[in-house]
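Undergrad: Can you keep this structure in mind? I'll have questions shortly.
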Amino acid sequence: MAHVPARTSPGPGPQLLLLLLPLFLLLLRDVAGSHRAPAWSALPAAADGLQGDRDLQRHPGDAAATLGPSAQDMVAVHMHRLYEKYSRQGARPGGGNTVRSFRARLEVVDQKAVYFFNLTSMQDSEMILTATFHFYSEPPRWPRALEVLCKPRAKNASGRPLPLGPPTRQHLLFRSLSQNTATQGLLRGAMALAPPPRGLWQAKDISPIVKAARRDGELLLSAQLDSEERDPGVPRPSPYAPYILVYANDLAISEPNSVAVTLQRYDPFPAGDPEPRAAPNNSADPRVRRAAQATGPLQDNELPGLDERPPRAHAQHFHKHQLWPSPFRALKPRPGRKDRRKKGQEVFMAASQVLDFDEKTMQKARRKQWDEPRVCSRRYLKVDFADIGWNEWIISPKSFDAYYCAGACEFPMPKIVRPSNHATIQSIVRAVGIIPGIPEPCCVPDKMNSLGVLFLDENRNVVLKVYPNMSVDTCACR
C-alpha cells in the first residue's frame with residue numbers, strides 16, 4: 001500500500017507579505033525615530049544622558065531625584081557656543097551684555113515630575129530683555145503606524161471603526177513660588193505643545209513669565225510637562241534636563257571697578273589682624289604711619305619716596321601682620337677654617353654664575369627697552385586669570401591680551417600720539433617753563449575693546465558677560 005504524505009496547511013501567500021511589508025517598514029522607522037538623539041543644531045547629543053531617567057524609574061518615590069551630569073552639561077555646551085559666537089562676531093548677546101543660565105532640579109510632586117529653577121542670582125541692575133525655556137521634547141508613546149495596528153479604536157453604530165483623532169498634545173505649565181511657602185505657587189503660564197515625530201530640543205519664549213515673577217519677588221519657578229498619554233502615577237521625565245536662559249542688560253557693568261565687583265570672589269590681601277582695618281594715620285606706631293603714606297603715591301601718580309626703615313624692619317613689620325613668612329633664615333653654626341677653605345671656591349663659582357645670570361637678564365631687559373619706542377604707544381600685556389586667582393570660576397578665556405599704554409608725551413608731540421587740544425597746550429606751557437611744576441601730558445588708552453567672559457556665579461550657574469574697556473586698541477596723549 002502506497003504511503004500518502006500528509007497535506008500541510010498552506011503558509012501566507014506572497015501577496016499578503018507584500019501588502020504588510022510597507023506597513024512594517026513604516027513602523028520600524030517610527031520606532032527608531034522615537035529613540036533618536038536630540039536633533040537641535042545648537043546642542044550635540046549626549047551618549048549617556050538617560051542615566052538620570054533610569055535612576056528615577058528605578059526609584060520613583062524619591063522626592064529629590066536629579067538627572068545625571070551629562071544631562072546638565074547641555075547648559076554648559078549651549079553657553080560655550082554663545083560665548084564663541086559673540087566673541088567671534090563682536091556683537092552684544094540679545095542686544096544686552098549678560099546671559100544667565102539656570103539649571104533645573106527635578107523633584108517628584110504628587111507623582112508628577114516637576115522641574116524647579118532658582119533665579120535669585122539675577123542682579124537688580126540687570127534689566128531682563130528676553131527669557132527662553134529650553135527643553136527636550138519626546139515623541140508620543142504610540143507612533144501613528146503603531147497606533148493604527150495596536151491601539152483599540154472606537155466604533156460607530158454600524159460597527160465600523162471611527163477615524164483616529166489628532167495626536168495627543170502636551171501641556172507645559174509654569175508656576176512661581178515665594179521663598180516662604182512650600183506650595184506649588186501661582187500659575188504664571190500654560191502652553192500647549194504638539195509632540196514631534198522624533199525627540200528634539202525646543203525653545204519657548206517665557207519673557208512675560210520671568211518678568212512678572214521678578215516684579216512680584218517670586219524668583220523660584222517650576223515647570224511641568226504633562227501629556228495625556230502618560231500613565232497616571234508613573235512619572236516619566238525627559239531624559240535631558242531643561243534649562244532657562246535670561247538675556248539681560250546690566251546697567252552697572254559700565255560703572256568703575258565693575259569687573260572686580262562681579263568676578264572677584266575674595267579680597268586678594270585679606271587682613272587677619274583687625275589692626276590694618278583701623279585708620280593708619282591715627283596709629284601710634286610710626287612704622288604704620290609711614291606704611292600708610294607709602295600707599296599715597298599709587299593714587300596721585302607721584303613717584304613714591306624712600307622708606308627710611310631698614311630691610312629687617314620691613315620684614316618684621318610684614319611678618320607681624322602675617323602677609324608672608326619671614327625671608328630671613330635661621331643662622332647656621334660658623335664652619336671651621338678648613339671648611340671655609342674647601343667651600344671658598346664653590347661659593348665663588350656659585351656667585352659668579354648668579355652675577356652672570358643677572359647681567360644677562362639686565363642686558364636683555366635693556367635691549368628690549370631700547371627696541372620699544374620711547375614715544376607714547378601701546379605695549380604688550382597678557383593677563384592670565386590664574387595669576388590673579390580667578391581661574392577657579394572663570395571658564396573662558398583662560399587669558400587675554402590686555403595691552404597697556406606707556407611712553408613720553410614731550411613737546412613737540414607727533415600726530416601719531418593723537419594729542420588732544422588740551423594736551424597740546426599743556427605740553428607747550430611745560431616746554432616754555434613760565435609756570436613751574438606743570439607735568440607733561442599722560443599716555444593713556446584712547447580706544448578700547450570689550451571682552452566676553454564665561455564664568456560661574458555664586459550658585460554655580462554659567463554666566464556670560466561682555467565687559468567694556470578690557471583691552472587697549474590705541475593710545476594717545478591726554
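The backbone N, Cα and C atoms fix where each Cβ goes, and this holds for glycine too.
In case it's useful when we look at the structure, here is the feature table from Swiss-Prot:
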| type | residues | note |
| --- | --- | --- |
| SIGNAL | 1-33 | signal peptide |
| CARBOHYD | N118 | N-linked glycosylation site |
| CARBOHYD | N156 | N-linked glycosylation site |
| REGION | 266-319 | region 'Disordered' |
| CARBOHYD | N281 | N-linked glycosylation site |
| DISULFID | C376-C443 | disulfide bond |
| DISULFID | C405-C475 | disulfide bond |
| DISULFID | C409-C477 | disulfide bond |
| CARBOHYD | N469 | N-linked glycosylation site |
Undergrad: Counting every protein chain present, what is the number of Cβ atoms, excluding its own, within 10 Å of the Cβ of N469 (N-linked glycosylation site)?
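TA: I count 14 other Cβ atoms within 10 Å of it.
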Undergrad: Give the distance between the Cα atoms of C443 (disulfide bond) and N118 (N-linked glycosylation site), rounded to the nearest whole Å.
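TA: For C443 (disulfide bond) versus N118 (N-linked glycosylation site), the Cα atoms are 47 Å apart.
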Undergrad: If you measure from the CA of C376 (disulfide bond) out to 10 Å, which recorded positions from the list N118, N469, C475 are inside that radius?
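TA: The recorded positions passing the 10 Å Cα test are C475.
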Undergrad: Of N118, N469, C477, which is closest to C405 (disulfide bond) if I measure between C-alpha atoms? They're all recorded positions.
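TA: That would be C477, the closest of N118, N469, C477 to C405 (disulfide bond).
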Undergrad: Which residues in the same chain, at least 6 apart in sequence, have a Cβ under 8 Å from the Cβ of C475 (disulfide bond)?
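TA: When sequence neighbours closer than 6 are ignored, C475 (disulfide bond) has C376, S377, R378, C405, G407, V417, C443, V444, P445, D446 within Cβ distance under 8 Å.
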Undergrad: In which DSSP state, out of helix, strand and coil, do we find N469 (N-linked glycosylation site)?
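TA: Strand, per DSSP.
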Undergrad: Same chain only, sequence gap of 6 or more: which residues have a CB within under 8 Å of the CB of C477 (disulfide bond)?
TA: C376, C409, M413, V417, R418, P419, S420, A423, S427, P441, C442, C443, V444
Undergrad: Give the number of CB atoms, excluding that of N118 (N-linked glycosylation site) itself, located within 10 Å of its CB.
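TA: There are 16 such Cβ atoms around N118 (N-linked glycosylation site).
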